[in-house]
Amino acid sequence: MLYERDNIHRLTPYTPGEQPQRADVVKLNTNENPYPPPAAVLEAIRDVSADQLRRYPPPRAQQFRETAARLHGLSPEQVIATNGGDELLRMAVTVFCEPGGRGIGETYPTYSLYDVLAEIHGTTITQVPLAEDWSVPEDFAQRLNERGCRLALLVNPHAPSGRQEPLDKLERVARAFRGVLLIDEAYVDFAEFDATPLLDPERGLDNVLLLRTLSKGYSLAGLRFGYGLGHPRLIETLDKARDSYNTDILSQAAATAALSARDEARKSWEKVIAERARLTGALRQKGFTVAPSQSNFVLASPPGGGLSAQAMYRALYDRAIFVRYWDAPRIQDRLRITVGTPEQNDALLGAIDELSRAAGGASAS
Ligand SMILES: *Cc1c(COP(=O)(O)O)cnc(C)c1O
C-alpha cells in the first residue's frame, strides 16, 4: 500500500553535500565558514538556565528580533526568526503558493531546495535560464507574471556562481513582479552590499522578503537559525503559518549573541574574502575559468585537455579533499569550491597540481 500523496511518492529529495565522519577531510563542499563562531555564542549557550529549558521559549524570539532589527535599521515587526533559512523558504512556499498551480518562479541554475519545497507543496515551478554570465534576464518578472507565479526566488549572491545582481536590477524585478520576491541572501555577509535598502518604506515596495542565515557568515550551520526581513504585513502573514515554537531557547540565545558579536564574525568574512581572491587568481593561473564571486565559494571549470570536472572531483575526493560537483546542465563542467582557510586552499591547489602532472605524464607517455 502507498499511503503518501502522489507528489511525495514521485519526489526526489534534496541531496545535501556530504558530511564526512572523518576529521582529516579538507571539507570544501558545503560552504561552511572555516573559522569558529564568535566566543560569545558558546557563552550564551552555557548561560541558558535549567529554568529556561523547563519553560517554552519566547514563541517569536522577541529578543532576537529586536537585535536583528537594530542591526539592520528596521523595526522588530519587519523580522521573523526561523529554524534555519530553509524554514523560511518552506514557509514562504506554503504561504504564498497555491497547491495545484500559481507557484514559484526561479532561475536556472539555482539552489536546488526550491524545487523540492515546491514539489512537496504540489505547486508549479517556472524556470528562467540565466544568461551566459549568470545574470538574471531583464524579462524575468514578466515571464513569471505570464505563468501566474506567486513567489519569485532569487538567490543573491547567486548559488552556485557567486554572481551578485545590483540593487537597481532587484528593484526592477520587485516592481514588475505581481507576487512576492524573496531574495535569498544566504551569502550576503561575503558581499559588498545587501538588499536592505529595498525595505525602506520610502521605496514603497510591499512585496520584498530577504532571507538571512547564521549558517554561513556566523559559522553556525549546526545551530539551525535564520531569519526573514520584509514589510510588516508580509512578516505578519508568514507568522500565522509558523510552528508555534519554531526556534528553541538555546538557538535564540546563541543567535542573539552572534548578531551582537558581528564585528568579530566580520573578521572571518574578511579572511574568507581575501582567500577568495587568492584562490580565484591561483585557479585562473592554472587555466581554470572562474566566475567572479561575491560569496564564500567559487565556481570553477578546469582547463580543457586535462581531467574533466567530474574526474577531478573524484580524484580530489580520493585524496580526502571534498568539493561539490553536479551532473546537471550548464554546470557539469564545473566544480563549486568553498573558500577554506589558507592551509585548506593550499591543500586543494597542491592536489590540483599533482593531478595535472599525473594527467600530463599519462598523455606524454
Ligand atoms: C545555506 C543556504 C540557505 C539557508 O541555509 P540554512 O542552513 O537553512 O540557514 C538558503 N539558501 C541558500 C542558497 C543557501 O546556500
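Glycine is no exception: its Cβ is also placed from the backbone N, Cα and C atoms.
As the structure is a computational prediction, the values presented were derived from the model and not from experiment.
Going by TrEMBL, these are the annotated features:
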- 24-352: domain 'Aminotransferase class I/classII large' (DOMAIN)
- K216: N6-(pyridoxal phosphate)lysine (MOD_RES)
Listed in sequence order, residues with CB under 8 A of K216 (N6-(pyridoxal phosphate)lysine) and six or more positions away: N31, E32, N33, A186, Y187, D189, F190, N296
Taken over the domain 'Aminotransferase class I/classII large' (24-352), the model's mean pLDDT: 97
